[in-house]
């Protein structure tokens, strides 16, 4: 690494925490707020979709989505997300983080609005249209994962980098919380305006025609926060690390960072040509990458895969689990809007008291405890609480023990968020070379979404075929495997990105080659 490049990056590593860091957290974090809202709000309205579009006259129970339709509606966004993570992760390394950052947000806005406008002559037509738009919604969300993580890691100083990246991801908790709150407000307002009897009293009258607006409004609201931050994303400069290490333009990197951070960077001379390639620039599909980072990529991808099987299974189907233990009343005792309200209230309470606090415990402690310890601890307690729920499952279904079940179930959420759900997002943004950072993060995240698809599709059928108890045992085993694969992931606390990726070592030997030298002056305000 030429000395001028190294000095630019050292200046960023040593820069004080400034207002722009917090601005970047908000700009990147609102994307994750939208991501979580859009991915999880669908679980709030699937019961309503079943009542509206799959009602069977004369049935003793409300209509529900057929298993294949439910799996598609819940899981199609994950298919799009996986594709988007791979595509935009690769594109972010090829074209730069900034160039494609706004595209992902715009795609989310358009697809959120379009999801709420899904129409058709027949129920399956509506579901097919909804699935089409949710695929593209997922595609945009997928791009947000590697780009947001990489941008935040490359802006941050090394002392608080973990907390900054985790804070971006922690906005996901607020997105889940907002989804529940919006559903409560919308369903509550319609319930008050259009009262109707419970299903067992009047099957046809329990679902008012206006209920069709409820799920559409809930889905479309996801466009609002994304739209509000689009302008600010477009104003963000390219990260200095990409410009200096990938584009090889240290002068431009210094100029960009001087505009937004209180770091005075004066480039007197730029002797390395922008875009010049060196022999140390090995690619992803090379033996050198495999020897230096192969196990690391296996570690980040496998732990994220295993985590998301458990995490998304819990999130998407918590309404079914709560119904099974009786925390949510039986569907036939409620009208359609009351059911949406009850499901949203349960999800909001879980988010408020376990999901959101878990994220922010990680933000507060990740640069003190380290990524490895938090991830190992999180997987351990997830395993423990899953087995504690599953083995005496009958005990928890008794009326007097339901609150205990909810508390234990909430703790699995707490330790997934104060644990691997946050760290699997943070670490891939820190340990790979700049020219492959977004790609490797995208691969790791895509592995996670493959796990989410296993959770979304597999848990649905597993719960029907083998029951909730055995499904929880399987999730406990999966969490235990995540604990084992965590040992492949290196600790990055307190180290610069270049130390973790090995770019300092491999480039220091080349500083004197080719007559490259620099008179770059750097003063940290």
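All residue numbers here begin at 1 and follow the chain in the order shown.
Positions of Cβ are set from backbone N, Cα and C atoms, glycine also.
In TrEMBL, annotation is done automatically, which means it is predicted and not curated.
Taken from TrEMBL, the feature compositional bias 'Polar residues' applies to 507-525.
TrEMBL lists 24-494 with the feature domain 'Major facilitator superfamily (MFS) profile'.
Feature annotation from TrEMBL assigns region 'Disordered' to 498-525.
Packing against the transmembrane segment (20-45) from elsewhere in the chain are residues 73-74, 77-78, 81, 104-105, 108, 112, 134, 137-138, 141, 144-145, 148, 151-152, 155-156, 160, 164, 167-176, 178-180, 182-183, 214-215, 218-219, 221-223, 225-226, 228-229, 232-233, 236, 260-261, 315-319, 340, 343-344, 347: each is 6 or more residues past its ends and has a CB under 8 Å from a CB in it. Taken from TrEMBL, the feature transmembrane segment applies to 20-45 (among others).
Feature annotation from TrEMBL assigns transmembrane segment to 65-88 (among others). Listed as Cβ neighbours of the transmembrane segment (65-88) (distance under 8 Å, sequence separation of 6 or more from its ends, same chain) are residues 38-39, 42-43, 46, 49-50, 53-54, 100, 103-104, 124, 127, 130-131, 134-147, 312, 316, 438, 442-443, 445-446, 449-450, 452-453, 456-457, 460-461, 464.
What TrEMBL records for 100-120 (among others) is transmembrane segment. With a threshold of 8 Å between CB atoms, the same-chain residues lying at least 6 positions outside the transmembrane segment (100-120) that come near it are 31, 34-35, 38, 84, 88, 91-92, 126-130, 133-134, 136-137, 139-144, 147, 151, 215-217, 219-223, 226-227, 229-230, 233-234, 236.
Residues of the same chain lying 6 or more positions beyond the ends of the transmembrane segment (126-143) and with a Cβ under 8 Å from any Cβ of it are 34-35, 38-39, 42, 49, 53, 65, 69, 72-73, 76-89, 91-92, 100, 103-108, 110-112, 114-115, 118-120, 442, 445-446, 449. Look at TrEMBL and you will find 126-143 (among others) tagged as transmembrane segment.
The transmembrane segment annotation in TrEMBL covers 164-190 (among others).
Beyond its flanks by at least six residues, the transmembrane segment (213-232) meets 23, 26-27, 30-31, 33-34, 37-38, 41-42, 44-45, 48-49, 52, 102, 105-106, 108-110, 112-113, 115-118, 178-179, 182-183, 186-187, 190, 337, 340 of its own chain at Cβ-Cβ distances under 8 Å. According to TrEMBL, the feature transmembrane segment maps to 213-232 (among others).
As annotated by TrEMBL, transmembrane segment applies to 343-362 (among others).
The transmembrane segment annotation in TrEMBL covers 374-394 (among others).
Residues or ranges marked as transmembrane segment by TrEMBL: 406-427 (among others).
The annotation transmembrane segment is assigned in TrEMBL to 439-460 (among others). Within the chain carrying the transmembrane segment (439-460), a Cβ under 8 angstroms from the stretch's Cβ atoms is held by residues 67, 70-71, 74-75, 78-79, 81-83, 85-90, 92-93, 142, 145-146, 149-150, 284, 293, 297, 300-302, 304-313, 316-317, 424-425, 428-429, 432, 471, all 6 or more beyond its ends.
The transmembrane segment annotation in TrEMBL covers 472-490 (among others).
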- Recorded stretch, among 164-190, 343-362, 406-427, 472-490, maximising Cβ pairs under 8 Å relative to the transmembrane segment (374-394): 406-427
- Query: Apart from its near flanks, which chain residues at least 6 from the ends of the transmembrane segment (343-362) lie with a Cβ under 8 angstroms of it?
  - Reply: 40, 43-44, 47, 166, 169-170, 172-174, 176-177, 179-181, 183-184, 187, 318-319, 322, 327-328, 374, 406, 409-411, 413-419, 421-423
- Query: On the 0 to 100 scale, where does the mean pLDDT of the domain 'Major facilitator superfamily (MFS) profile' (24-494) fall?
  - Reply: 87
